[in-house]
Amino acid sequence: MDSIKEIKPWGVNVPYMILAVIYWIIGGLSLRFNPSDHPYFMLLGAYSLFFGMIQRLFFPATKYFALQILTLILLSIPIPYFQVLASVSLTATEIWALKDVMTYGGKFPVNLLVLSSPFLSIIGWSLYPHYWLLILPLITYTLGVNIGVFTATLRTKPVFGRNQLPLLFFLVLSVIIRPLYYFVGVLYLLMIVRTGYKMNLSASLTLFSVSVTPILALFLGSTLHSFFLGVMAPLFFSCIVYSTSRYNYDYVWFPVLTSFLSYLMRGINIELSGIIWAISLLSFLYLVKDNLSLTALKLGLSPRYLRRQ
C-alpha cells in the first residue's frame, strides 16, 4: 500500500499555471506603469509554466509534495534570489525522482534537453539579469518535451539520449554566439523531420513558427520577443494541450498562429500586438480549461478522461 501511495499523482501543474497567468497579467500591466519590470514578470510567467509542467510530466507523485510546494512558494516571491532557490528545489526533486526510477528498476528514454533544464535554470537565475542565460532553460525544456509530441503527431522517429547532444551544444553555444539563435529553429526542424513526416495542422504550424520566427528576427528585430511569441509560447501550447487535453490538440493551431501574428504586429502596432497575444493566451486556456478544475488538481487528470471510462 505504501508503494502505491508513493506513485499517486496529483495536478501539480494546476497552481503553477494559475501563477503563470497572474505573472503574465502583471507583466502586461507593467508596460503601462513600469516598463522596466515587464521582462522580469514575463519570464516569471514562463518559468511558472516550465516548472509546473516538468513536474507534472516527469515527477507528479504526491511523494514529492513537500518539495513541489516549496518550489511553488519560492517561485511566487518576485525576487530573483528566490528563483535561484526555486530552481535548486526543482533540481532536487528531479534528482530524487530519477533516483527512485533507478531504484525501482524502471527504464525511460533519456531526454537530455529536458533533464538538463532545471540545472541550467540554477545558472540562469544566479546570473540574473542575463536574459539569454534565462532563455536557455526554457528553450531546452520546450524543444525537448515537444520531441515526444511531434513523434506522435507527425509520425517521426524520436531523438533521445546522445542524439540530442548536437542540439544541446548548439543551444548553449547560442548564448555565447548570439547569431546562432536565428538558426536554432531550422536545426530543430531538420532533426524532427529527418525520418519522415505525416501532416498534422497543429504540429506543422508549431514547427513552422519555431523555425521561421527566429529568422524573421533578423529583419524585424525584437529578438527576445521572437523567442517568447514565436518559439516558446507555441511550444508550450503544443506540449501542454497534448499532454493534458489531447482531445483538443487539433485546435492548437489557433493559439500558435495568433501568438506568431502577435510577433509580426509588434513593429506595426504594439497595442494591437498585445491584444492578439491576449487572444492567443485565452484560447490556449480555453483548450486546457478542464485541467484547471479541482478534480484535475486532486487527480492530475482531466475530468473528461474520467467521464469516458
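Just so it is clear, glycine is given a Cβ too, placed from its N, Cα and C backbone atoms.
As recorded in TrEMBL, the features of this protein are as follows:
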TRANSMEM  14-33  transmembrane segment
TRANSMEM  40-59  transmembrane segment
TRANSMEM  65-98  transmembrane segment
TRANSMEM  110-128  transmembrane segment
TRANSMEM  134-154  transmembrane segment
TRANSMEM  166-193  transmembrane segment
TRANSMEM  199-220  transmembrane segment
TRANSMEM  227-244  transmembrane segment
TRANSMEM  264-288  transmembrane segment
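Counting residues 6+ beyond its ends, the transmembrane segment (199-220) has Cβ neighbours under 8 Å at 143, 146, 149-150, 153-154, 181-186, 188-189, 192-193, 226-227, 229-231, 234-235, 237-238, 249-253, 256-257, 259-260, 263-264, 266-267 in the same chain. The transmembrane segment (227-244) shares more Cβ pairs under 8 Å with 134-154 than with any other stretch in the list 40-59, 65-98, 110-128, 134-154, 166-193. For the transmembrane segment (134-154), the partner stretch with the most Cβ pairs below 8 Å, chosen from 40-59, 110-128, 166-193, is 110-128. Of the recorded ranges 14-33, 110-128, 264-288, the transmembrane segment (166-193) has the largest number of C-beta contacts under 8 angstroms with 110-128.
Tertiary proximity for the transmembrane segment (110-128) is limited to same-chain residues at least six positions away from its ends with a CB under 8 Å from its CB atoms, namely 47, 50, 54, 58, 80, 83-84, 86-88, 90-91, 94, 98, 134-138, 140-141, 143-145, 147-148, 160-162, 164-165, 167-168.
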